[in-house]
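A.B. asks: According to TrEMBL, the protein carries these features:
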DOMAIN    24-108  domain 'G-protein coupled receptors family 2 profile 1'
DOMAIN    125-375  domain 'G-protein coupled receptors family 2 profile 2'
TRANSMEM  127-150  transmembrane segment
TRANSMEM  162-183  transmembrane segment
TRANSMEM  213-231  transmembrane segment
TRANSMEM  238-263  transmembrane segment
TRANSMEM  275-296  transmembrane segment
TRANSMEM  326-347  transmembrane segment
TRANSMEM  353-374  transmembrane segment
Amino acid sequence: PPPKVRATHSDCSIVLYFQEQQAECLEIIRSESQMSAPPGLPGQQGCPTEWDGVSCWAAVPVGQYRAVACPDILHVFKKSKALIRRNCTESGWSFPSPPYYNACELEAIGSNNDTEAKASYFVTMKVLYTCGYSTSLAALFLAIGIFSCFRKLHCTRNSIHIHFFTSFILRGAAVFIKDAVLFSDESVDHCTMSTVNCKAAIAFFQYSVLANFYWLLVEGMYLQTLLLLAFTSDKRYIWWYILIGWGVPMLTVCVWVVTRLQYDNHGCWDDYTSLYWWVIKAPILLAIFVNFLIFLNVTRMLAQKIWSPDISKNYKQQYMRLTKSTLLLIPLFGVHYVVFALFPEHIGVDARLYFELVLGSYQGFLVALLYCFLNGEVQAEIKRNWGKWQSSMESNVFNLVTQDFTA
């Protein structure tokens, strides 16, 4: 028999419920077919066990009947005390009385207009986050190119920024890969989809999300270390930062994959109601909580240094420049996630989708803007190299003109 469904999307729970009931009923029918007569009815004529698409009717002798209740599915059928009966006649099972549509009244569901509006809403959401991730990917690749091309920008701080940008690139790519694998074919039944490709796409997506949050944590840790240990070389910590930013997410996802394979290997692993989802969710919440503590501590240290009379104006400006980007990003990345984490996954779905997909898709662009394009050091280096290039071009033109004149 198929494994029991432990957790799934609410929309798919109806389909999977009936599939489980059908599988159990077919197993009974198979066992009966191996016997000469239905169980408990030796030598008697009767109606065999039958699955009618909704309920399983156990075998009974001719002249008797069976009664079943409406399927117990939340948010689908209204609770009804009426029983549905079928008589066993010499011609076989009679029709259900009363019919299912009378005995099991459906809960009020949206009209066709509501369904079309919902479909249009999701199409709009997809267009918005596709544009957002495309813009973010272009900006992040450009920012990495700038940090890599100019030698004067090669330092531990910018190296951490590059890793942070890369985590955003992976996150954007993971969203596109997940859409391509899960939703490219409309004829696929997503409720029963359980392929290696879709599970790998979800695992890669979870890894990229975890890496994104942990590199934000590294940004906060680096800033705090810089303020606490002003005279210590920051190069000695770079491998610890890399281990936290890439290693912890990898270990977490490996544990999650092994757990799902062992205990909950159904569907495409994209359900968020399973208890095993906390293997991913708990480390993310931990990173956000630690980042919030760092945010408070850095704010305290920054206030002390700015108001200290022993620190010159230049150092104060340097501290402000180093901290403004990270202090802005830490609450920006964590607040909405903490708020939604306090509620079940089915609460505030529209708001959750808007924050995590639409607004979240532009976070990479915002990071590139704050850490690179609005960075005074980067702007000065670009201006300096642009001036050198212009001077070189003018010199080349002057030399060409002079050669033509002397010739």
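Any Cβ shown, glycine's included, is placed from N, Cα and C.
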A.B. asks: So, taking each listed stretch (127-150, 162-183, 213-231, 238-263, 353-374) in turn and counting its Cβ pairs to the transmembrane segment (275-296) that are under 8 angstroms, which one gives the highest count?
C.D. replies: 213-231
A.B. asks: Short question: which residues 6 or more past the ends of the transmembrane segment (127-150) have a Cβ under 8 Å from it?
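C.D. replies: Distant Cβ neighbours of the transmembrane segment (127-150) are 158, 161-162, 165-166, 168-169, 172-173, 175-176, 357-358, 360-365, 367-369, 371-373, 378, 381-382, 385.
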A.B. asks: Which whole-number mean pLDDT does the model give the domain 'G-protein coupled receptors family 2 profile 1' (24-108)?
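C.D. replies: Here the mean pLDDT over the domain 'G-protein coupled receptors family 2 profile 1' (24-108) amounts to 78.
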